Structures are given as C-alpha cells and as structure tokens.
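Colleague: Got a structure here, written out as structure tokens. Questions coming.
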Protein chains: 2
Amino acid sequence: MMTDELYPVEPWHIRETSLDLSILDESESIFALSNGHIGIRANLDEGEPHSIPGTYLNSFYEVRPLPYAEAGYGYPEAGQTIVNVTNGKLLRLLVDDEPFDVRYGDLLEHERVLDMRAGTLTRNVRWRSPVGKEVKVVSTRLVSLDQRGVAAIEYIVEAVEQFARITVQSELVANEDLPPTSADPRVAAVLNRPLEAVHQESTVNGAVLIHRTRASQLMMAAAMDHEIDVPGRVEVSTDTSEDWARTTIICGLRPGQRLRIRKYLGYAWSSLRSRPALRDQVAGALSGAEYTGWQGLLDAQRAYLDDFWDCADVEVEGDPHIQQAVRFALFHVLQASARAERRAIPSKGLTGTGYDGHAFWDTEGFVLPLLTYTAPYAAADALRWRASTLDLAKERAELLDLHGAAFPWRTIRGEECSAYWPAGTAAFHVNADIAMAFERYRVVTGDDSLELECGLKVLVETARMWLSLGQHDRHGVWHIDGVTGPDEYTAVVRDNVFTNLMAARNLRAAADACLRHPDAANDMDVTADEIDAWRHAAATVHIPFDEELGVHPQCEGFTTLREWDFTANTAYPLLLHEPYVRLYPQQVVKQADLVLAMHWESHAFTPEQMARNVDYYERRTTRDSSLSACTQAVMCAAVGHLELAHDYTYEAAMIDLRNLHHNTRDGLHMASLAGTWSALVAGFGGLRDDEDVLALDPRLPATLKRLKFRLRWKNFRLTVDVNHQDVTYTLRDGPDTSLTIRHAGENLELKTQYPTTVAVRPIEPLLPPPQQPPGRAPMRHKTSG
Amino acid sequence: MMTDELYPVEPWHIRETSLDLSILDESESIFALSNGHIGIRANLDEGEPHSIPGTYLNSFYEVRPLPYAEAGYGYPEAGQTIVNVTNGKLLRLLVDDEPFDVRYGDLLEHERVLDMRAGTLTRNVRWRSPVGKEVKVVSTRLVSLDQRGVAAIEYIVEAVEQFARITVQSELVANEDLPPTSADPRVAAVLNRPLEAVHQESTVNGAVLIHRTRASQLMMAAAMDHEIDVPGRVEVSTDTSEDWARTTIICGLRPGQRLRIRKYLGYAWSSLRSRPALRDQVAGALSGAEYTGWQGLLDAQRAYLDDFWDCADVEVEGDPHIQQAVRFALFHVLQASARAERRAIPSKGLTGTGYDGHAFWDTEGFVLPLLTYTAPYAAADALRWRASTLDLAKERAELLDLHGAAFPWRTIRGEECSAYWPAGTAAFHVNADIAMAFERYRVVTGDDSLELECGLKVLVETARMWLSLGQHDRHGVWHIDGVTGPDEYTAVVRDNVFTNLMAARNLRAAADACLRHPDAANDMDVTADEIDAWRHAAATVHIPFDEELGVHPQCEGFTTLREWDFTANTAYPLLLHEPYVRLYPQQVVKQADLVLAMHWESHAFTPEQMARNVDYYERRTTRDSSLSACTQAVMCAAVGHLELAHDYTYEAAMIDLRNLHHNTRDGLHMASLAGTWSALVAGFGGLRDDEDVLALDPRLPATLKRLKFRLRWKNFRLTVDVNHQDVTYTLRDGPDTSLTIRHAGENLELKTQYPTTVAVRPIEPLLPPPQQPPGRAPMRHKTSG
C-alpha cells in the first residue's frame, strides 16, 4: 500500500522512505524517467528484484497477430506492441564476492527521491552484506530533456567501516525475460525475445549493441560509455555478446573512499536508416553527453524544467496532497511529451507497457489541453505526429466506405490496432477530438502556421468523414447513427450528444479554416458547395433532449433504457463482471460522456441543463474509466458542487500516487494526470475556450485556501491567483500590452502593466449534491485543516 | 457448374451423368447419406480424388480454443467442432497392379444416382486401366434408417473383355488428412489428427478401431465386416494398425465374372460408456446388419421411406426443377433428423463441417415446421435434445445476469459457442424460436405429453428470461433493448418487431401452459403473480410503427436510418465487403426479419400492412443469408406477388442443387431446404398455425399447374390438392371423422368420408411487384412451359 508514511507529502518531490517490495511494481512506474523519446522504468540499478523491466523508445514496436474466433471485414489483422528495448540502466555491484541484492544481507537505509525541479531520480542506500561489509550507494539517474538520445547515471559506492573489494558490472542487456503479457501463445511468442542481434562492438570502457525487431523490422542501437573516478588502482574491461555488453570495473575501497561511475547511454532507432548510421548516431549522442559532462547534463535538465515550471506550475494552498500530485502530473506529462517530436504520446507515456503502448484519443482530449497552455511546442509536435498519419487514416476511411479520414482508436504508428470495433472503430468521436485539438492549438496559441502546415488537411478530411457518416432524415434533421461515445458501457447508438456536438464543431471549424486558407482549400478540391454542406449538417444536427425529465439523454433514447440494478450488481469495474450484451442497453455509464460534452462544448448548454444533467449522470456513472473523475470534477465545480469537485480532483490526482485503479504497475495514466490539471484549472479556475475566447470563472471550495496557476494565451503569459473573495489576473508579458478575457461571463481587459483583481462570482447550486452509485462516491480529499 | 445436362431433372432421383472433378466438392455434399446419427459424404469409394473426406457421428465433437484479441466478460472460451471420424467407406481397387483412379486410364462411364425412394446412392463405372484392362464397378451405399448404427456398401467389380487379377482393399481409416479449416494454428492443431487410438482388433474378414478425442474425451468405435461372393479362388486377410484397418480381397476374374463385396459398417460413440461396451455395441450393430442381410437392409430402407413419402410428399406440376428439388429437400431433412434421437440437428445436417457442425435457431425455426407436419417423432426428438440442454441454458442466463434460460446461438452439445456476441448472444430471439417450436409441436400434433415431459420447463424458463431482459418504461410500455433480430445487418437494437412479437407469444404460451399443468408449474415455483407479469409484459409490448410511411420498422427507428447506397455498394454478400460498423446503422437487410415476423406471427398484421411491409423490405433485402429466400417466397405469395414468390421458391429450392451460395462443399443448407417446403406449403398453400388452428389459403402462380401436399394435423392425415380454380382437401384418416380447418379465412369442416373441394380465393395485390436491390432480383424459375 502506498501510504503517506511511505510516500510523505512534499511539494516538489516524490520521496519513498523505505523499500516495500510489495509495491515495487507501482514504484517502477511512479519513478520512471522519460523525455518522450527514451523511457526507463525505475527498476533497481542492480536489476533484481523487479516487477517489469522496462526501457522504451517512443514508437519502437513489434507487430503481433490479432486473433479472432469470428473475424469480420475491416478488422485489423495485426497489432503493434511497444517493445522492451536494450536495458542500459543495469549496474550490478559486488562487495567482495557478495552480490548486492536488497533481499539478502541487511538493508539499513533505502530512499528514492524524484526531484521534479531537477528532473532526476536519486537513490540512497546503506547495505550490510551477509558477511557484514557495509557500503553506501548513491545513484542518480536522468533521461535528458536537453539531449534527446541521452540518459545518464551517476553511481557512487562508498565503503563504510571496512576495506572492501568493489566490483561493478555495468551492462547493456537485450531480450530480458519479462512476465507473460498475453494468454495467446502466438502473441507471447512474438514478444518473447523480440530483438534479433544485428551488430555489437566494444571498447575498454563501453559498447554498442544493435538489434532489430523480427516482424516490424525496426532497428535500434544502444551504447554506453563510462567515466570512472576512484582513488587507487582500478581495472576496467568490457565484453560483449549478441544480447549483452558488460563493462567490469574493479577496485578496492578503504573506509570512506568512494568509487564514482558516470554511465552515459545513447539510444537511437529507425525504420529507414542503416546500421552504420545508427551506430554513429548513438556514438554521437555519447560524445555530446560526455562533452557536456554529468554536471552539464544536470544543469541543462534543471534549466529546461525551470523554464517549464515558470509557466506551468499550479499552486494549491489547503491541500498538500493535491499540491504534490498536480506537480507530479505536470512533470510526467512533460516527460511523456517533451521530446516525443512527431511520435505518439502513448496513454501510459513511456512508463510501462499498458494498452500495448498505444496512443488513444486521450492524447488530444486530455493531454494536449495541458500542453497547449503550458508547453505549446510539445502540443504542436504531437499534432504533427497525428497529421503525419493522415494518409493511413484516409486509407482506413476508404476501407470503411467513408470519405475523408478515419483516425484509429488505438495505435502506435497510425494503423488501427483495435480488435473490438464497437468500442474502437465505432468511436468516431476520436476524429473530432483530433480536429478540435488542432483548433484549440490555433485558438490558444494564436499560431496559424500549424493549421496551414498540416491542421487544415486534418480538419477538411475529418469534416468529409462526418458528412459521409451522418445523414439528413426525411425532415432534414442531421443524425449520426451507429457510433460509440466516450462512455463504453453503451455502444453503437444513435445521436450520441457528445459525438454530434463535436462533429458539428469539427464541420464548422473546417469550413472556417477553408475561408482562412482559400488556396490550400482549393488544392484539396474543397468547393463552396462542400463547405455549405458542412455548415448545413452542423446547423441541423440533432441534439436529443428528454423534455419530461429536463435532461439530455447521452444518446437517443438513453433516458428510457432500463435502469441498472445498483442494489445487486456493484462489482466494479462492471466490465469485468457483466457482459456487454447487458451493459449496453442499460442506464449505466462507465465514464463522463454527456458530462464531458458539457465541459468541451459548454456553450451548448444552459446553466439549468448543466445542473440537471450533472445530477442525472452522477447517479449512473461508475467511473470505471480513469478518464472520468477529472471531468466530473470540472462539471461539479461548474454547477456549484465544489466539495464534490474537490473530491473528484483528489481522486484524479491520486490515481497513480495511490494506485487507485490497481494497475499503476502497467504504467501511469497520462490522461488522468493531465486531468488533475484540468480539474483545477477548468474546474476551480473555470477555464473554457470553446468560444475562441479565454474564459475564466474561478471559485474555490471552502476546503481550499488559494489556487494559483499559469497559462500561455496567444503568446501572453498569464497568472491567475484565486482565493475565496477575489481573483488576481497578472498579464506577465505578451505581444501586446493588453488582452481581453472573459471573467465570469463578462469581458475583462487585462494590462501587462499591472495586475487586475476582481471579485469571484459566487454560485448557488440549483440542486443538492447528488449521490453516486453504491460504492462509487469519490474518495474524500484530505485537507490539511 | 452444376447444369441440367450434368444433373438432369428427374422427379425421384438426383442423377450425375458424368464425373466433373471441378464440382467434386459440391457433389460430395449433394450425394451425402445420413440417418441423423451417421453421416457420410459422397467421397469416391477409392478415396481419391477428394475435396473433403467426411464421416460424421452426430454430436461427436472436439473442443477448440476461441481466441480473442480483446476478450470480454462472458465470452465463451471454448468452441465445439464436429470431427471427421473413422472412414469406413473406403474400398480401393487394383486391376492387376494398377490402382483404380479416375484421374488415370480412361473413364468410359461414370454415373451416380441418389434414389430418394430407395435411400441409396449407386455408382456405375466403366474404366479402362492405363494398360487397357477394362472393368465395370457398381457400388451401392446406404446409411440405414432402420438400424441406427449401421451403414453398408455393396461393391461389385466385373471384368469386361480380359482376365484381370482384382485386389480390393477395404478399409477403416482414422485421422485422414483434411484441408485446413482455420488460419489459427492452435485451432488447426486441435483438428489435425483429432483422434487418439484406444484399441484395435481384427478377424480375417473385418476389424474394429476405437479412438478418443483428446480434449472432449469422447470415445468412438467403428467396425467393418465383409461378405464376399466370387467364382473361384479368393484370398482374404485383415491387418490393423492404430489408425487403420485393411481387409484385402484378392481374386481373378474372367470376362463377365464378378466379385461382389458387401461391406457392413457399425458405428457408435459415447462420452460415458467403456471401451468394451463400445466394442460390443459396434459388434452388435454388425451382427444385426448381417442377420438382416443386404437385401433386408434395402427393403427396410425403402419401407421407411415409403412411409415417409406417403405423408410428406409434395407434388408440383409445372415446374420439374422445383418438383425434384422439394423431394431432394425433404429427403435430406429427413436424413438429418430421422435417427438423431436427442442430438442436435446441425445446420448442415451430417453432410459437411460448415459452421463447425453447429445447430442454430434454424433447427427450430425452419427445419422443425417441416418435421412437425411430416415426421413428428423426429421433431419431438429434436425438441427433447434442446430440452436436455436446459441446465446449460440456465447457467448461461445466470452468467448474463438474467433469470431463466438463455439458449445458445450456436452449439453442438448445448454450450454457447458463438465468439461474436452482437450476432450471437444478443440474438435472444432464439429462445422464443425454441419455445414456439414446442408450442407448434403441441398445436400441430395435438400431443400434450411432450409439454409435460419437457416443454413446460422450456416455456417457463424462457418466459422468465424475457421478463428479466425486457422493461416497462415510465409510461408502462414494455420494451426489449439491446437485441439482434434475424437480420444480422442491424444489431443490438431497441424493440426488434420480430423479437418483441415472439417474446410476447413466448410469455403468453408459458402462461397458458402453466394453466394446463398447474402441478408441474407449481413444482417450478411459478406463482400467479409471475404469470400475471408475463401476461402484462406481453399485453404492453411495444411494436413500433412508422405512421408516415405506413410500414413497420424492423426495429425502433429503422425506417429513419440512412439508406444503403445501392448505386455504389453491391458486392454481395455485403458482409465480406463492408464492415459491421457501417452495415448496422443503415437500411440494408441481410435476411427476412420483419418479413419473417409476418409469416410466423401473421395475425399481428393487417393485409395492407403486409403488402406495404413486403414492398418496403423487398427493396432493402440483399438475401445474403440462405434463410431469406424461402420466407420472401411465403410473404410474396401472401400479398399476391405470385410470380415473384415462384422465383424465390426456385431460389430456395436450388440453393444446393445449383450451389447458389458457393458453399455447398461445406455441407447442405438444411434450413433453406426445409424452406423450400415452407415456400410451397406456407407460400402457395397459405399454411399458418399461429392461431392454433390449421389455416390454409392456397393459390398458385400462373406458372404452376397444380400443387399437392400432405400434412399431419392432430393425428389426421390430410392431403391438399390445389389448382388455379379450386382446392381439394382430403382427410385421409384420423382420430375422428371430421376436422374443422380454416380455408381462406373461413372455417371449413372436412370429413374423412369424402374429399371437400372449394374455390381458391383470388388475391389482387395492393401494390405492383417490388424491385429488389441491384443484382438481387431472384433467379427466374424455369417453368416447363
């Protein structure tokens, strides 16, 4: 169990005060380091014990078969699975002839600290060997945010009271044994030892291993080199084999003497480049790292992060758990995306193999809002990646007998990898989520160039898809049938409100973008008639409403479906205990769907509708998806259930830090982490941007004293500082001296010269706080009191 | 191609005039013999060439894994697959030292004749070996309808012009090599050599082989013995090995001399009985066969069939193709069911391995109506099989969080084997189809005993399932959501009309049956309240109707879905060219659904509704299922499109005789064959029984001269003889001297003493004959002119 004792609540660190092997698996994810290109799980330096050994390179995957007992037309036949690549973080230690292993001897001290300003993971160990020799080990790891292909480890061993002969074996290891990932023997076979050796070479101090995946034919190189500092004699040698390289360092230490090893790692992969090119690329990465030096890498790491925090930090007074957690969230989202550079941001970042390392709509829907407001260059790169898959999405649309482009539900490289279409292909909303992420980027950054570079094509092709998917009925109303909204407990429905609103916005946005870029639109054969058709569909879209109940059904007829029997069936998550054939036609909701529509398309709902809808769906939402709590936080805050919003924020924040979904071992939940930011900024901050204006409407629950957050808006840097009475907007700098925002529904002009303080708008909730399904009330937040 | 030249149209025979190896696969199914317990494909006596070697024992199956790339709760993990058992029909011939093989030497004559009154397949061959020796071979096969475990072959070889040394190797062969049946290597592995040898023994003249399946652990025994008749010296010996036994017969024949071998085969299998018990069982079968002798078996076969034809034959004047085909249909349906005796009737009978040898709702919905009117003992046995699986259906319902029983979509032994729930588990109508088959049996035969024996339990448990699946909305209307009707191109819908009507009937039938058997109902804890709830649900069931169009949507909203683009997408069957995600939400119909509801629940529709509904669905039905043409025939006849009905009847009739679905190689389409009978009897005969009275309303298309069919009704035997002017009803015999039927909507009393002739009621179609989708007009019938 991850407790406050084991993981004390500190504002800028995640500290583990002792080693609890029962949660080793979770800690491997929590302390994972990444720059979006390289990811390393927090496996112990000495390799064992471990839960899941993990070293990942973004988008380096193997192809695996997708089996179907009953196949159907258009089902993808091959999936993509992230591969555990050559492990360079291994440093085995022998004290005299005893291998250092925390399971033997006496572990006198064991602390790990993730420093979110330094960007390092430090481990402090004091260990007494079974024969009584005591050593201190301090290791510090980083995956460089500054040098994309580089990771580095400083490893210091000190003899404490007696002389000790110290041997360190620093390794590169390919094809590590992993826990089985699939019950299907064919899949397991593909992922068992996925790398075939291509090349290996070594010097005295280091080595290079080059491997290739069998089916996807991707080549990767890993290289290591070492700087060694020790008083007295030291012997260094390196051996290599097909699947490993080992640099052995031997010396003797008198009490107080220290052996310091700085291990530099270079990684690269390519689907195109040759073996020599990759070999030289990792050698170059090592050269760069060594030229910069260990301290230089540390300094660059901190500088990168200082710059990030300066315009991303969120300060929360009154709830130290959430304070720590939102920084943890921002840090990991940055790690997942900083240097992804036109690769996908997977749903688990590079912290584990959950969901096969796939990226979903989570990226555009949950992760990119945070990045767009705090690290827009990373958001732009993620969008460029998505746009780079447009041709594959067009092929998929053609296969589906649709026009335009149909982006995949889950993928690494761009091909659809979902083997269950009712919750995959049918979730067409992913296309609007992607299109709207381009639109959000343009609106928030004020940067039109990405639209011209690639966003327009995505807008146009997704609009074309929607027009071919939807239809006007005999009364001229536009419907979209046979789709699945965000809620995966009701699928293949008519007129999902979320989907219809998002599709209509996608259509309008495409039409507007074509007017902004008429030549480019012309190059895509967009005609005035086509634009008219988009606008007409958007204008006539059907948004079902249940007049009797005064709420929006999440899809046509939803509010008339059978009610779920929450007196009997409450084994969560329901999908592990109930078949889809029963879940789908009942009023039970896995995750915010209509409620998410009210966040993203807030202008389409009146305050009374919002209040009644929140009340209705709260009672029927099981939150069996990690994507739900953050959105429930946002909308509970919007309708005035501020304490409940605080609880949901806490739940979103702690999902990984307290392993609430029992699967943190498989990697961190990037969307829910990003959702923690949304819960605070869009929930208590009231941030909305769906009407192309920066709208804020902050208000705090009684349990929080103060909330301060930073944003970028059209190249302005803005700070929002909220307490119970008022909010102070500070326009730090920008392209102009003033900016008009919307505060509590009214325009407000901000000036760079001085902060502007205005009163918060109190809200009286229309309805009392709603009940959740039995057992599904959110965990109560722990305020400091 | 199966042409009229190769397969001349004859009333009582299927004759193949020469051997066309390009259609060997289809002929293996067409000429298959079976008694419902043993099935043998028409592989050539000498074994090669073959398409699919096939010998089957009803319900003898192996278990295979069902793989899922993304599994879900309640998905079946294991499937059942019919196994090719020990082949006893092999008789290899050597002429001097040349093996008889139709691909070598000169095949001077090759004819095969299926005699539907004799119940035999006869083959006449004249062959000249590569060195010029000519022989005649006449083989005759039967699978005994009289002796359930027995098949027999008479094999006669005659030397024509020169002396020849004749060697016949008569064999039992287990684990024959088969064409691959699955792309999944695990599945292929299971079905490759599925039998493990348990025991083998031999005498001079014969042998027994006993094998067992590896996973399902079913044991089977096959035995052979031979009677040999030849002038002069003959040597006979038998060898056995684990997977084969071979009796070798060697003799010399002078021109005109003949070797006659009569090979008797005994088969048995069991999941319970011991090896000695099975060995003795097949020995006993052989003893019985030999005691009866070849001629005795032939006589009994003909007597059995005479009895069947006497009350099952359908005479069609004016269309010799349909005349031949309906007898072919009746013959094969009888073969599939005659001695099935509490085993399933698979959708392909025992003629091939299509659909893994599974039984579907086809059995109760299409096959049993024919059997109930013509061979009620076989219908009763099929119903007893289904009832024997009730406990498995109750377990399945519990897994699905439903009350009562949920019968499987596809199975051999009773467990759900469908790996795609939207077209499997969601097709809950199967439960009503089954319940209604019990009800039909009771109404048609007048026999209440089966209901008390097992039918009541099925009615009650299916009624309980419906009540737990459906729900009353806030206005008290009863809905069933999330189900798939017969049309598999629109799935997981609200208020499928077919399903709702059938469920309501199931509920009422259960309520009525409980009143008939109050003590038995009490034993099942049926209360008056429960019965009231059933009746209330049935009384308030929602039957959607599109008032604007004046037609029934096949499910809620169906008539407002997007229209299928038949100008662009007409590659049939659509399911091989379009994904479900696009098929489901469009107005395109795989097979009669609402139209089937109008046949089975005819009382629920007005004549005008029927006419408009037929017109509406004809334009949208692709007939991509073999279950559709027969129902379209019935309903086109009902609304007066008699020529179109004739075309559909022709299509249903020729589905296998002309391989219209290109998969006759995998086995015959039992439901469509039975549907040929329905097309004639319910279509042109107007037979309905959904109001518990025998209703007839015959009328012929101009293209037919006369239709005469026979029925059993409450132990009466009845003949209906129709021409264009009038219909003559003959009550041949029965438990009483009179019977009141409904003719053309009016009561009519028939007497056993004399035939009753009345005028046919002409019908003026309300609408002109409808168009079908492009390329989907039915094949035109070929009338004799």
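Backbone N, Cα and C atoms are what each Cβ position is placed from, and that goes for glycine too.
Automatic, uncurated: that is what TrEMBL annotation is.
What TrEMBL records for B:16-270 is domain 'Glycoside hydrolase family 65 N-terminal'. Residues annotated as domain 'Glycoside hydrolase family 65 central catalytic' in TrEMBL: B:327-677. The feature substrate binding site is assigned by TrEMBL to B:Trp361, B:Asp362, B:Lys590, B:Gln591. The active site, proton donor annotation in TrEMBL covers B:Glu488. Look at TrEMBL and you will find B:687-750 tagged as domain 'Glycoside hydrolase family 65 C-terminal'. Summarising the annotation, TrEMBL assigns region 'Disordered' to B:763-785. The compositional bias 'Pro residues' annotation in TrEMBL covers B:765-776.
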Colleague: Which binding-site residues (B:Trp361, B:Asp362, B:Lys590) fall within 10 Å of B:Glu488 (active site, proton donor) by Cα distance?
Modeller: B:Lys590
Colleague: What is the average pLDDT across the domain 'Glycoside hydrolase family 65 N-terminal' (B:16-270)?
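Modeller: Value for the domain 'Glycoside hydrolase family 65 N-terminal' (B:16-270), mean pLDDT as a whole number: 95.
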Colleague: Within the region 'Disordered' (B:763-785), count helix residues (DSSP H, G, I), strand residues (E, B) and coil residues, in that order.
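Modeller: Helix (H, G, I), strand (E, B), coil: 0 helix, 0 strand, 23 coil.
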Colleague: Indicate whether B:Glu488 (active site, proton donor) is helix, strand or coil by DSSP.
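Modeller: DSSP call for B:Glu488 (active site, proton donor): coil, neither helix nor strand.
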Colleague: What is the number of residues in the domain 'Glycoside hydrolase family 65 C-terminal' (B:687-750) that are helix, strand and coil, as DSSP sees it?
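Modeller: Its residues divide into 0 helix, 37 strand, 27 coil.
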Colleague: Suppose we draw a 10 Å sphere around the Cβ of B:Asp362 (substrate binding site). How many other Cβ atoms does it contain, all chains included?
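Modeller: Cβ-Cβ neighbours of B:Asp362 (substrate binding site) within 10 Å number 27.
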Colleague: Rounded to a whole angstrom, what is the largest C-alpha distance between any two of the residues B:Trp361, B:Asp362, B:Lys590, B:Gln591 that the record assigns to substrate?
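Modeller: It comes out at 16 Å between the most distant Cα atoms.
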Colleague: For B:Trp361 (substrate binding site), what is the tally of other C-beta atoms lying within 10 angstroms of its C-beta?
Modeller: 23
Colleague: What is the total of other Cβ atoms whose distance to the Cβ of B:Lys590 (substrate binding site) is within 10 Å?
Modeller: 22
Colleague: Taking DSSP as the reference, which of helix, strand or coil describes B:Trp361 (substrate binding site)?
Modeller: coil
Colleague: Enumerate the residues of the same chain, B:Trp361, B:Asp362, B:Lys590, B:Gln591 excluded, that satisfy the criterion Cβ within 8 A of the mean position of the Cβ atoms of the recorded substrate site; list them in sequence order.
Modeller: B:Phe360, B:Gly365, B:Pro486, B:Glu488, B:Ser625, B:Leu627, B:Ser628, B:Ala671
Colleague: Including all protein chains shown, what's the count of other C-beta atoms within 10 A of the C-beta of B:Glu488 (active site, proton donor)?
Modeller: 23
Colleague: List every residue in the same chain as B:Gln591 (substrate binding site), at least 6 positions away in sequence, whose Cβ is under 8 Å from its Cβ.
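Modeller: The list for B:Gln591 (substrate binding site) reads B:Pro486, B:Asp487, B:Glu488, B:Thr621, B:Arg623, B:Asp624, B:Ser625, B:Leu627, B:Ser628, B:Thr631, given in order along the sequence.
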